[in-house]
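Participant: Heads up, here are the entries from Swiss-Prot:
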TOPO_DOM  1-26  topological domain 'Cytoplasmic'
TOPO_DOM  48-74  topological domain 'Extracellular'
TOPO_DOM  96-116  topological domain 'Cytoplasmic'
TRANSMEM  27-47  transmembrane segment
TRANSMEM  75-95  transmembrane segment
TRANSMEM  117-133  transmembrane segment
Amino acid sequence: ISVHRCLGVLRPLHSLRWGRARYARRVAFAVWVLVLYCQAPVLYFVTTSTRSSRIICHDTSARELFSHFVAYSSVMLSLLFAAPFAVILVCYVLMARRLLKPAYGTSGGLPRAKRKSVRTIAIVLTVFVLCFL
């Protein structure tokens, strides 16, 4: 979504070619497949115990698997948080720079719509960090 928005701001005519629904569906499907593939090993690390005929699922792995779980979690943090955040950050910084650049032949401050767009960019980045970290 961020890449699509970035292309729309930086290269509006170019983004029309990549903004088609079929292309978006393919990208979304590929992302979901990647996420499911990356998260499947969590099922291997899950531990359960039985207390009073109730099965309890623990949020940590067995002791002997814990070092592997830490390594797996670190890779997943990099792949599923840091990489998307870097892409989002670069896209939104490029968009903000373009929006903050004064239009040719104008003087004075930024139009209200551009200020609101830059504020929205800051909010999106903040929400991403708060929700996914």
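Residue positions begin at 1 at the first shown residue.
Yeah, the Cβs are placed from backbone N, Cα and C, and that goes for glycine too.
Locate each feature and note its surroundings.
Facilitator: A mean pLDDT of 81 is what the model gives for the topological domain 'Cytoplasmic' (1-26).
Remark: secondary structure over the topological domain 'Extracellular' (48-74) totals 12 helix, 9 strand, 6 coil, with classes taken from DSSP.
Counting same-chain residues at least six beyond the ends of the transmembrane segment (75-95), those with a Cβ under 8 angstroms from any Cβ of the stretch are 2-3, 5-6, 9-10, 35, 38-39, 117, 121, 124-125, 128-129, 132-133.
Sequence-distant neighbours of the transmembrane segment (117-133) (same chain, 6+ residues past either end, Cβ-Cβ under 8 Å): 81, 85, 88-89, 92, 95-96, 99-100, 110.
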